[in-house]
């Protein structure tokens, strides 16, 4: 009896399928622990983009592909020729973002504006076939392709921003669409109409067009119906308030052709706070101050004269200061009218006292009184019949020594000018008070001129202010 073959039995055991599967698992497990056999891609083969905390992997475009595309596009490209030359006009879509406006210089009639200006057009010579949809380029490519010769027609001075690099951007799409944007600071002309100053409103334009291409070559269109503006709270308008804007398109005919002109109008309204404090209130107070002389005794010549001269000189100074913030226009502004009328009121108050002082100081004794003083009999038998004053005491107003002057009228009278007939012209003298020609006329008493002025001057000034403010603010 032969002994059992142990090795052959073991060999049959190890050759079973179960053993083979176990060995395969162990081998794969050992290989996975070795780092050299792990399959990983380099981080440089992908670019990561974060969007709402979701990571999207996109293949990175080799720089060599962009260089090849640009070289192919610029090969044989002539940047001196516009797209579709000789075929059809080039259509330029324009857009604008207003970063800030101000300040407005009324003396030079100009304003400063900071904008981002964008132009879009199609150039079939710049089409390319690639998986790249758009080429995002910097300002170095601007001079290598055709760019519209757009200029700002009412610009006095324009500066492009160059810090830290030129603020220009260029985009080229694979279908030939080109986007060109740049940042500009422009000092633009604005013809201010100052008839209603300082209650004026203005529409300051910003106009641009092609410099050399008429509308048969280039046509401009607005990309959007309205121009976008930034935060108006940071604008340095100072004396003005921003009301709104509007954009228009028009054709301007010149000797060199018809050009499409694009315009943006910025509506501005002037704030009156500064001028109310600096001009209107001081002028009004000076006019009121000139009326104080009507309550000062007419015999106080130095007081009334110095007050009148001081108010006149002050009004002259105020009118000069008010004009400094304006250009030297040939027409009368609303402020000029107000200051001039105030000056007339102040000057009239001074003239009123001069007139009063002249006639009061040049009174002559009446002829009847002279006869009475010379003839004792007439002085003896001349007496007045007793009279009773039936007027209420409240109706008797004694102002500025008027009652005292009435008592002295018996001793002093007024004579007409030499060589004049009192019955043939209107005069203010006492001797002219009687006569048929005086019937229905108003007799003015020199002694009561201050009383009349106390009523006339304030009433006239209030009526002027009513008409002035209603006309300029509501009409």
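Each residue's number is its place along the chain shown, starting with 1.
A Cβ is built for glycine as well, from the same backbone N, Cα and C atoms used for every other residue.
Quick look at what Swiss-Prot annotates:
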CARBOHYD  52  N-linked glycosylation site
CARBOHYD  129  N-linked glycosylation site
CARBOHYD  247  N-linked glycosylation site
REGION    433-450  region 'Interaction with GABARAP'
SIGNAL    1-39  signal peptide
TOPO_DOM  40-275  topological domain 'Extracellular'
TOPO_DOM  297-302  topological domain 'Cytoplasmic'
TOPO_DOM  323-334  topological domain 'Extracellular'
TOPO_DOM  360-451  topological domain 'Cytoplasmic'
TRANSMEM  276-296  transmembrane segment
TRANSMEM  303-322  transmembrane segment
TRANSMEM  335-359  transmembrane segment
TRANSMEM  452-472  transmembrane segment
Interface-richest range of 303-322, 335-359, 452-472 toward the transmembrane segment (276-296), CB pairs under 8 Å: 303-322
Fewest other C-beta atoms within 10 angstroms, as judged across 129, 247, which are the glycosylation sites: 129
Rounded Cα separation (Å) that holds between residue 247 (N-linked glycosylation site) and residue 129 (N-linked glycosylation site): 38
